[in-house]
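If you check TrEMBL, you get these features:
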- Asn169, Asp229: Mg(2+) binding site (BINDING)
- 6-27: transmembrane segment (TRANSMEM)
- 48-70: transmembrane segment (TRANSMEM)
- 82-100: transmembrane segment (TRANSMEM)
- 112-130: transmembrane segment (TRANSMEM)
- 142-164: transmembrane segment (TRANSMEM)
- 176-195: transmembrane segment (TRANSMEM)
- 201-218: transmembrane segment (TRANSMEM)
- 225-246: transmembrane segment (TRANSMEM)
- 252-273: transmembrane segment (TRANSMEM)
- 311-329: transmembrane segment (TRANSMEM)
Amino acid sequence: MIGWSILATLVSFAITLVGVPLFIKFLKKAQVSGQEMQEEVQQHAKKAGTPTMGGVVFVIISIIVALIFVLITGTSKSNFNVVWMVLLLYAFVGAIDDFLKVYRHQNEGFKAWQKFLAQILIGLLAYILIGFPTGQGNSINFFGFSLHLGILFIPFLIIWLVGWSNAVNLTDGIDGLAAGSVIISLLAFAIIALSISKWDVLIMIMSLIGALLGFLVFNKKPAMIFMGDVGSLALGAFLAAISVVLRAEWTLLFIGAVYAIETLSTIIQVGYFKLTKGKRIFRMAPFHHHLELGGISGQGNGWSEWKIDKVFWGVTALASAFAVIIYLVF
């Protein structure tokens, strides 16, 4: 089964390598370009006109390839159906959000309550799929201990999906950052899935890794395409769903450390700004923009996008390795 999983990775990678350039041509012809949201970061001005919604490619390819390999190998699809549906539905919400931004030529797509309502509905569907076909019930893994939440599992699942989907969305602010970080996070979950013989989930994870690697070729600096909300929201929700079906929820607190830092920096910035009526802790939030503008201190030379990528990928790798080791040992 490991061989099939690796083959799924290679197939997704190869198809995405071919598919992304074709999609870029289509987007340029359709004039689907990204809208710059951080005007304060002057070096982003040259990115104007870069096509967005690239997540459409790696989401669709990864699901189709994974489905084919799951059918070929005859593995159970109970967990598989949960994760691919979450991936696809969050991608659908993100795609509409992206389309509205491009169509309106502004930075706001869905209103906040509309996006949140859509995510709640997806969370309820995920609960039905997780709670019944997988036989998991209403328990989560809390650092090795089974914690029964009862009816509280429903709000937990919704908050878990919404929180991590938006966390990855915040991380997707510079070339290659989110795609590279998520690849590393997925590798960690692939090891966990392998250790407990969740073959259908492993195939889905490896297929998505292959598609993301193919996408990263065109998304690394200088990016030829952005993943858009269709990609970032889907990836964050997918990580959350994977952690739940693998009964490894706590590991995402480490595997997703970078996304958590990005989210916390934004929450702190907004809260402090409101409390002090205009003062800021960071030069700009999320944290990667603070580094771009003035380094860690905020007063020095700004970091290049490539330096931020390397540091964030390194942090993700170290935190993920720690989580996997603790999971396997205990």
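Glycine too: its Cβ is placed from the backbone N, Cα and C atoms.
What TrEMBL says about a protein is an automatic prediction, not a curated fact.
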**Message:** Same chain only, please: residues at least 6 beyond the ends of the transmembrane segment (48-70) with a C-beta under 8 Å from a C-beta of the stretch. Say none if there are none.
**Reply:** 4-5, 7-8, 11-12, 15-16, 19-20, 23-24, 27-28, 32-36, 77, 80, 84, 87-88, 91, 94-95, 98-99, 102, 200, 203-204, 207-208, 210-212, 214-215, 218-219, 223-232, 234-235
**Message:** Could you check whether the transmembrane segment (82-100) packs against the transmembrane segment (225-246) - three or more CB pairs closer than 8 Å, residues at least 6 apart in sequence?
**Reply:** yes
**Message:** My understanding is the cutoff is Cβ-Cβ under 8 Å with a sequence separation of 6 or more in the same chain; which residues meet that for Asn169 (Mg(2+) binding site)?
**Reply:** Asp229, Ser232, Leu233, Gly236
**Asked** If you draw a 10 Å sphere on the Cβ of Asp229 (Mg(2+) binding site), how many other Cβ atoms land inside?
**Response** 29
**Request:** Would you confirm whether the transmembrane segment (112-130) and the transmembrane segment (311-329) meet the contact rule of 3 or more C-beta pairs below 8 angstroms, pairs 6 or more apart in sequence?
**Result:** no
**Asked** Do the transmembrane segment (6-27) and the transmembrane segment (311-329) share at least 3 Cβ pairs closer than 8 Å, excluding pairs fewer than 6 residues apart in sequence?
**Response** no
**Asked** What else in the chain is close to the transmembrane segment (252-273), if you only count residues 6 or more beyond its ends and a Cβ gap under 8 Å?
**Response** 163-164, 166-168, 170-171, 181, 185, 188-189, 236, 239-240, 243, 279-282, 284-288, 290, 312, 315-316, 319-320, 322-323
**Request:** Mind checking which residues of the chain, 6+ beyond the ends of the transmembrane segment (311-329), have their Cβ under 8 Å from one of its Cβ atoms?
**Result:** 171, 177, 180-181, 184-185, 187-188, 191-192, 195, 248, 251, 253-255, 257-258, 288, 303
